[in-house]
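Residues annotated as transmembrane segment in TrEMBL: B:12-34, B:46-67, B:100-118, B:125-146, B:182-202, B:214-234, B:254-270, B:279-297, B:317-336, B:357-379, B:399-418, B:493-520 (among others). The domain 'Cytochrome c assembly protein' annotation in TrEMBL covers B:93-300. The annotation domain 'Cytochrome c-type biogenesis protein CcmF C-terminal' is assigned in TrEMBL to B:320-643.
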Amino acid sequence: MALIRLISLTVLICLALPAWSAGIELREFDDPVTEQRYRDLTASMRCPLCENQAIDDSDAPISADMRDRVYQLLNAGQSDTEIIHHMVQRFGDYVLYNPRLERRTYLLWGLPVGLLMVTGLVVALIVRARRHASTKALTSDEQARLKALIERKEAP
Amino acid sequence: MLMRILPEIGHFALIIALLMAVVQAVLPLAGAATRRPLWMAYAQPMATGQFVFVLLAYGCLTASYLMDDFSVVNVANNANSLLPWYYKLSAVWGNHEGSVLLWSLMLAGWGCVAAWWSRHLPRDMLARVLGVLGLISAGFLLFMLLTSNPFERHLLDIPADGADLNPLLQDIGLIVHPPMLYMGYVGFSVVFAFAIAALLGGRLDAAWTRWARPWTNAAWAFLTVGIALGSWWAYYELGWGGWWFWDPVENASLLPWLTGTALMHSLAVTEKRGSFKSWTVLLAIATFSLSLMGTFLVRSGVLTSVHAFANDPSRGLFILVLLAVTVTLSLVVFALRAPRVSHKVGFNWLSRDALLLINNGLLITMTMTVLLGTLYPLILDSLGLGKISVGPPYFNTLFVPLTVITCLFMGLGPAARWKTTSPGELLRRLWLAGLAALVLGALIPLVYRGEWNLWVTLGLSAALWIVLSLVRDLFDKLLHRRSVWAGLRALSLAYWGMVLGHLGVAVTIIGATVVSHYAVERNVRMSPDTRVEVAGYQFTLTELTDRRGPNYLADAAVIEVQRGDSQRRFLMQPEKRLYLATGMPMTQVALRPGLFRDLYVAMGEDLGDGSWAMRIQYKPFVRWLWLGGLLMALGAVLAVADKRYRQVRPARLAQEGKA
Amino acid sequence: MTRRLLLLLLPVMFLGLALFFYVRLSEDPTGRDSALMARDFPAFEATTLKDDQRRVDQSLLTGEVTLVNVWGEWCPACRQEMPQLLSLADRGIRLVGINYRDTREKGQAFLDEFGDPFAINIFDPEGELGFELGVIGAPETFLVDAEGVIRYHHKGYVSPEDVQGRLLPEVAKWR
């Protein structure tokens with residue numbers, strides 16, 4: 001099912017892009033922790049131009065700009081939260097792959113947890129009800145049929 | 001002459017196939033309802049005929065591709081005279097219209113196999129099964145003929161050459177990935193047809209589950225392989241080494257996989273114990289419905305995804321109507337015909353029944369989570385609450401704990417007995433496996449990396465728990481036999497299928513855990529004779545060259561790789577290609593696969609002074625991801641081969657005896 | 001009987017989902033709102049396209065309702081929307097251009113060829129101001145009110161219909 005369109009048709013019609021620059025960037029980091037933070041941040045931000053790609057694996061110019069900015073802010077000593085805020089201020093919540101917990105996302109984060117609890121409750125109720133149910137697996141009618149089946153099978 | 005009207009022959013064959021599908025749907029269903037054997041007898045020949053004509057149409061389109069007939073719009077848009085012949089074959093389904101044709105071909109194929117394989121079924125059951133399949137076929141054929149005709153011609157201005165296949169799709173992964181995935185999606189339509197037929201005929205008995213199980217396993221095996229291949233393809237073709245992106249299109253394939261997994265387990269309970277009948281039928285309906293919904297989401301333009309097809313609202317609307325009619329009708333049939341009083345089969349807290357129930361609950365929770373995360377941004381947007389994105393961090397946060405919980409129960413399931421198991425016995429049998437899994441899981445990161453990591457420990461412990469409890473179970477089963485060999489032979493294929501399937505899950509989890517936490521990636525500048533060390537391997541650039549492929553030009557690098565001080569060296573040759581017809585640049589990565597690690601080199605851009613940017617990656621255990629998928633699929637196939645599914649005849653005799 | 005009625009809720013719920021999908025069919029999933037709506041035009045300092053000695057800043061955008069258009073010589077849709085921008089300027093609306101990721105020569109040549117509706121053009125060769133505005137490509141058009149607050153955002157090509165149906169009413173609203 002994997003027909004890739006790096007840029008949607010709609011974007012091509014309405015928005016043009018500056019010259020294409022595919023990117024493997026050579027960056028120096030002060031320490032491995034900063035490097036890991038850079039990777040995590042760029043992997044969790046969405047390219048605002050592409051169909052559905054993180055800025056760390058998108059060739060779009062805006063992604064390159066955003067990576068540059070993340071790198072600069074990291075070197076300027078900003079925290080992850082500050083960097084995320086910086087991007088949201090400019091590009092909106094749309095660029096966050098990890099939606100922040102706020103009123104409109106309560107359901108998004110809460111429902112799976114709620115579902116898990118409901119599932120547990122339903123399972124518990126079913127087992128409680130079934131514990132005292134008849135332990136006979138088949139009705140007499142079904143047993144007769146099963147017997148017939150077995151006899152037929154064994155016959156010739 | 002005949003060659004020139006091939007597209008018209010194909011088009012005509014589709015129309016005939018549509019008519020046959022309509023007959024296959026209407027007459028047998030009406031015949032089964034009114035007990036007319038003659039009407040029911042239409043089912044088999046029509047199913048066969050439909051398959052023959054769709055195959056003919058498919059052959060015609062393939063021939064047009066092979067002959068470079070650019071008067072056919074579909075060929076002109078998706079092929080090029082320079083394209084190698086094998087990519088011409090796969091280009092047939094590398095586009096929307098062709099892939100719907102492939103989908104229809106598989107649907108007709110499954111129907112045809114069902115018609116002949118299941119000819120021992122009671123006549124009305126078979127008529128209903130094929131009737132339902134005919135309805136689905138008719139829907140898709142109509143969809144193709146009305147909105148997505150692959151045989152459309154350029155009447156004027158026939159292009160001299162084609163626009164070429166998207167370079168990303170010129171690859172072995174794409175040759176095999178979509179057909180496997182479609183086989184899975186479409187395969188669940190047979191299970192769905194069995195479910196609806198059983199509801200209509202009021203025949204929701206143990207025999208029904210026995211008929212449905214092999215089809216479920218087969219479809220599930222294809223879907224598993226399809227998903228694994230898609231992940232593998234993305235890994236090496238997209239050039240970044242990622243293997244799962246939680247993209248809406250991936251999610252669309254994961255949804256039926258999750259409910260299909262639940263269905264396999266629920267069928268086991270229903271067959272062995274006769275309980276949860278309605279639930280099993282509902283899962284069968286849900287699995288196929290989710291396959292259809294995935295098709296809608298991918299082809300309608302409702303979602304933004306890197307994988308989506310070029311969209312057209314009229315197509316989206318047609319599939320939506322098809323989806324709505326199919327699902328609503330089947331749910332209404334379910335509501336009206338589901339067994340009125342289900343027989344309450346008793347079982348205790350600690351029993352295989354209860355554990356399988358928990359398994360189903362967890363799988364459904366996962367399904368709903370994926371569905372919620374995929375649709376939530378759309379819902380907010382429609383409510384005017386702004387645009388947000390839900391991506392990998394969200395899904396990982398929720399899926400990792402859910403998977404670990406599931407693994408906990410997966411270890412218990414095979415060891416527990418039906419109905420009831422004494423906690424003492426279970427504890428006695430499994431304490432060692434549990435302890436060993438925890439200790440090993442905690443020690444391995446320390447030994448491997450010298451640093452403890454909670455997530456690695458969780459993942460490894462979960463996987464080891466599955467493996468070790470299986471080993472213990474096997475050991476117990478062999479203990480009381482005269483010899484190990486006799487013991488092994490006494491175990492059924494269905495049991496081995498379960499073992500392989502669960503082992504596959506463990507292997508995939510190990511792969512995912514290790515590669516997620518211990519992969520190494522470095523971007524470097526390389527000029528001839530530059531030497532770089534990554535994860536104990538020395539990479540030396542020896543040569544930069546130009547290459548010319550059949551339909552592209554490439555800059556290529558030759559890199560010599562050596563591990564530590566060992567004398568063994570090998571070459572890796574990444575390329576940066578420019579496809580001539582589309583002008584698209586593409587990164588062709590160099591991969592050195594291995595069971596315990598992959599080396600991965602991608603070429604970036606020319607930095608001017610004779611040096612190039614390169615991305616070198618070390619990916620430990622990444623192969624285990626897909627190896628696990630293959631093991632799971634193999635397990636499902638083994639279980640199908642179990643001898644109890646081959647004995648269909650007595651069931652029919654019994655039915656006739658009863659009638 | 002109640003159980004059957006409860007089960008009939010399933011198809012009803014599914015139809016609800018299908019209806020939602022139907023609504024979504026006519027909506028563009030790629031659309032993205034500007035994060036700067038109802039916020040001050042970002043502070044900046046830059047030179048103009050015509051004069052590399054003249055420094056301008058955000059005070060350029062206060063005092064009068066202004067349409068800020070982000071454009072570049074490399075962008076085909078920018079060419080196509082020039083007649084619409086010229087007609088807006090003819091109606092006495094103040095337009096300020098941001099020459100985005102371009103060179104002075106190319107930008108000037110573009111204006112010479114297609115006409116110049118802009119009171120002034122801010123020169124943004126590295127796309128720094130564009131980044132502050134959350135611009136992801138060109139063209140994009142912002143409406144800034146007399147206090148320098150961003151009030152409306154149009155992503156992509158401005159068609160003659162957009163001028164009549166969207167931009168003119170918005171300008172009238174904030175004047």
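Glycine too: its Cβ is placed from the backbone N, Cα and C atoms.
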For this session: Answer yes if the transmembrane segment (B:12-34) and the transmembrane segment (B:125-146) have at least three CB pairs under 8 Å among residue pairs 6 or more apart in sequence, and no otherwise.
Result: yes
Exercise. Near the transmembrane segment (B:399-418), which residues from the same chain, at least 6 beyond its ends, have a CB less than 8 A from one of its CBs?
Worked result: 272-273, 347, 350-353, 355-356, 358-359, 362-363, 365-366, 369, 426, 429-430, 433-434, 437, 455, 458-459, 462-463, 465-466, 468-470, 472-473, 498-499, 502, 505-506, 509
Seminar exercise, completed: Sequence-distant residues near the transmembrane segment (B:182-202) by C-beta distance (under 8 Å, 6 or more away from its ends) are 29, 32-33, 99, 102-103, 106-107, 110-111, 114, 124-125, 128-133, 136, 208, 211-212, 215-216, 218-226, 253, 256-257, 260, 263, 281, 284-285, 287-289, 291, 294-295, 330, 333-334, 337-338
For this session: Please work out the mean pLDDT for the residues of the domain 'Cytochrome c-type biogenesis protein CcmF C-terminal' (B:320-643).
Result: 91
Exercise. Taking the transmembrane segment (B:125-146) as the reference, which of B:46-67, B:100-118, B:279-297 gives the largest number of Cβ pairs under 8 angstroms?
Worked result: B:100-118
Seminar exercise, completed: In the same chain, residues at least 6 away from the ends of the transmembrane segment (B:100-118) whose Cβ sits under 8 Å of its Cβ atoms read 17, 21, 24, 43-44, 47-48, 50-51, 54-55, 57-58, 61, 92-93, 126, 129-130, 133-134, 136-137, 140-141, 143-144, 148, 150, 178-179, 182-183, 185-187, 189-190, 193, 211, 215, 295, 648
